[in-house]
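These features come from TrEMBL:
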type	residues	note
TRANSMEM	55-75	transmembrane segment
TRANSMEM	82-103	transmembrane segment
TRANSMEM	115-133	transmembrane segment
TRANSMEM	145-162	transmembrane segment
TRANSMEM	198-216	transmembrane segment
TRANSMEM	228-248	transmembrane segment
REGION	285-313	region 'Disordered'
COMPBIAS	296-313	compositional bias 'Basic and acidic residues'
Amino acid sequence: MDAFTEKLTLITRNFPAPIRELGVSLIDEKCYVKLIEQLDFSDIECLKLALSKGLGIGIVIGGSIVKVPQIALILRTQDSAGLSISSYVLETLSYLITLFYSYRSSFPFSTYGENLFLGVQNTIVSLLIILHGDAPNPSRRTGNLGILSGFFVASISALYSMSLENLAYLQLATLPLSLFSKIPQITANYKAKSTGQLSAFAVLSQIIGCAVRVYTTSTEVGDPVVQAGFGLALFLNVILGIQMMSYWGNTPPATKKKAAVEQKKVAPAEVELLDETLSQDYFLSNGRQRRSKPMQRVDHAEGSSRKWERKVD
């Protein structure tokens, strides 16, 4: 076994410079030498750091696609029933605040990078909820889309120009934001006894992501406010997950109402085919127009030419 380890270390100590630099940037020089070059896994702190970095990178990559199934579901069904617009708007604000606060605080990108992708995807979902919602007319939907788009642009501009001190206060606000962002969706699910077009994949991914983030922030960041935010988000996402299992397969009331309206539409009456064997008396007795007899050829007298004319009773 020792001989095998020695052969491996000969390889790991001679990794190309770009690979070594990437490893050092992730887990620092000391832990890279111990874990990679020496294959020494006795240092618990280095192991915890490496695990946190690996999980963090996985969450960032997963965060880039976590809401894609939700977007695809709305586009496929052309329906946003059961989705709370207020929940998604507040959740997007929470993602944006955490993104700018973490960036300005120089936290490792692996500890907050998914907020960038989640913010973008949540913005798209929010706009789709309005686009495929139950607004009474297209002009109102267009107006709401413009208002919401302007709100997101203004929020990003304000957060970008804000000082770190003010961002720290806003980071505290993400705790109630996380709470209020989930309460409307949880309440809507409870009232409808259905989760509507809510994506099960998105809910499950958020539960796993928040659980991992609780660990990574405690290991690498140590910011109690950020950690509390992820803890609260985990709790609320677990509630959504329980609702998803409890109401699985239930149809939202809006969809039921739409289906009932469509069923009430009267189908066009079928054209009755006429029976050619029926007598003229039948048609006259049923108020139908009397059919004329077919054209017959009649010979005119005195050598006149043959002409076609209708025989009249």
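For all residues, glycine too, the Cβ spot is worked out from N, Cα and C.
Predicted automatically and left uncurated, TrEMBL annotations should be read as such.
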Spatial neighbours of the transmembrane segment (198-216) far in sequence, C-beta under 8 Å, 6+ residues away: 52, 55-56, 58-59, 62-63, 66-67, 69-70, 73, 82-83, 110-111, 114, 185, 189, 227, 230-231, 233-234, 237-238, 240-241, 244
Candidates 55-75, 115-133, 145-162; stretch with most C-beta pairs under 8 Å toward the transmembrane segment (82-103): 115-133
For the transmembrane segment (145-162), sequence-distant contacts whose Cβ falls under 8 Å of one of its Cβ atoms, 6 or more beyond its ends: 89, 92-93, 96-97, 100, 123, 126-127, 130-131, 170
